[in-house]
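S.K.: The structure under discussion is supplied below as structure tokens; questions concerning it will follow.
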């Protein structure tokens, strides 16, 4: 692991909202007296009924209960739109950049208000009200944000299903939350290719009870010819012509659910993560402001999809609650060329950029040329999210993309946490490439060993969180017992993140990967992220994923999937070279037993590597790979199976 330290530059410190002394003071206050701390910061949003109770939380076995600001009432859409109209009605709220570089729009707060009210009225006319669930299955178009905020305006609960999910996955999620109304588009556009969204919705509904879904609202994106079921389906533009652009916002309790978002469970059955209104918005807006050092007038771009929690918290809710200008991108980093990200940054003068390590690594594989063709002079803060970023990719991001003048915030958090938990702050934190550094305000990480004993000082172990924070999920939809079992039964009175971590002598946290991504080689536990980082540090390697597989002698062997940089070819010589490289870097125990050169790795559209699939292939067991429709490129799996290194026959 890299222990290089990058000091806070004077330019970052001078304009930062928080310096090191302020961080330490605020952090100490947040953990010693959370009631007072969050009472103050809870007022960063507007309340129609002010709260008098701040924190009412318990992680006790059999009695897990999380409530924040519970006697207050508010409305998320009111906070994200209406309260800005007087002072910044004509400011751009959303910059939309289409898949095609010639398509973009600027949507002001006034326009956003009108569009959201219109969408809310369309929903209301179809019987949607407080507490009803609405499934959204949309591309990255402005209507996705309008639909989220329209549900929030009415007190309805949105459940977004990412546009890459199959009809089966969509059906199980519609059924899981009992949505009577689905909002979709005729087709999506992604990297120049069309995605048959409406056709997938039709397929999904066929798999459900006939009386479940009453209405399907279809946004015209491509104008493609799609089947419309009379009486059930309606084009959004036609329905919107029948309503006004004024709609009152429903004041809801702080603990009223805002959204359900399904995330993969270890059993393969997705869990409906429930986030509520008040605490979630306080936490999303506060982390957005301080982590990205957001100043009025900044242009902020998070490259995620709204189908993932990052898109919920850091494209829509956090930025808009702060009156920010947030960029929403329909496309992919490599279309029409692999300069696209950097061209968008120059086109819209982006100041803050938040993306995933997997995107950074894949662009890094194409060399510096595509980056250097652009200026990127507007950039000030670069963020990373989704998985641990290896030091080499961190360094490339810092040096090449940011010209060694932008602060990097390597953020660690989860769907379940609602917002960022461990992160540097641009004006406060010395940086170590590969480390998520220190906890955000109110977050108390603890390291425990396998027996649940709390570890002190520099150590490696299981990452847990002691005590609650306002953005924390409240339950698994319809299954509170599963919530308790999954997150609170492993270690008593602690929230177990499922991640392993290392804490160094400076109190910095290094996330080592999911605990189920730990390989046990001859009795030695090893985080896959460490071996992956070592492989990616080799000059010929663009990306690597490491999994365990059954080994006659060691119990588990190390199987590495390696994607090489453009222009490099895989060979037995290179295999040997990589084994020697890792052996030298980490030690003989970490030497890969099998290396498979792969043109690509199976990733979800949000960029997460599907390790479950890689493990199955490494185990020579690919008869039960499960649903691969969520992958960005399902064909990658066929290549991996075809060229696997561990054939039993």
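Quick reminder: no glycine exception, Cβ is built from N, Cα and C everywhere.
Grabbed the feature section from Swiss-Prot, which reads as follows:
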type    : residues                                                   : note
BINDING : 190, 191, 192, 193, 310, 522, 583                          : CoA binding site
BINDING : 386, 387, 388, 410, 411, 412, 413, 414, 415, 499, 514, 525 : ATP binding site
BINDING : 536, 538, 541                                              : Mg(2+) binding site
MOD_RES : 608                                                        : N6-acetyllysine
S.K.: At 10 angstroms around each C-beta, which of the binding-site residues 190, 193, 583 has the fewest other C-beta atoms nearby?
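M.R.: Checked 190, 193, 583; of these binding-site residues, fewest Cβ neighbours within 10 Å: 193.
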S.K.: With a radius of 8 angstroms around the mean position of the C-beta atoms of 536, 538, 541, what other residues of the same chain does the Mg(2+) site pick up?
M.R.: 392, 534, 535, 537, 539, 540, 542, 543, 544, 562, 578, 581
S.K.: Using a 10 angstroms cut-off on Cβ to Cβ distances, just flag whichever of 310, 411, 415 is the loneliest among these binding-site residues.
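M.R.: Among the binding-site residues 310, 411, 415, the sparsest Cβ neighbourhood within 10 Å belongs to 415.
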S.K.: Which secondary structure state does DSSP assign to residue 583 (CoA binding site), in the simple three-class scheme?
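M.R.: Reduced to three states, the DSSP call for residue 583 (CoA binding site) is helix.
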S.K.: Looking at the binding-site residues 192, 388, which one has the fewest other Cβ atoms within 10 Å of its own Cβ?
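M.R.: The binding-site residues 192, 388 were compared, and 192 has the fewest Cβ atoms within 10 Å.
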S.K.: Given the recorded positions 411, 415, 514, 536, 608, find the one whose Cα is closest in space to the Cα of residue 310 (CoA binding site).
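M.R.: Result for residue 310 (CoA binding site): the nearest of the recorded positions is 415.
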S.K.: Measure the Cβ-based neighbour count of residue 514 (ATP binding site), defined as the other Cβ atoms within 10 Å of its Cβ.
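M.R.: Its Cβ has 17 other Cβ atoms within 10 Å.
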S.K.: Can you tell me how many other Cβ atoms are located within 10 Å of the Cβ belonging to residue 608 (N6-acetyllysine)?
M.R.: 17
S.K.: I'd like the Cβ neighbour count for residue 191 (CoA binding site), meaning other Cβ atoms within 10 Å of its Cβ, all protein chains included.
M.R.: 15
S.K.: Taking the Cβ of residue 541 (Mg(2+) binding site) as the centre, how many other Cβ atoms fall within a 10 Å radius?
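M.R.: Within a 10 Å radius of the Cβ of residue 541 (Mg(2+) binding site) lie 24 other Cβ atoms.
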S.K.: If you measure from the Cα of residue 514 (ATP binding site), which of the recorded positions 193, 536, 583, 608 is the nearest?
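M.R.: Smallest Cα separation from residue 514 (ATP binding site) among 193, 536, 583, 608: 608.
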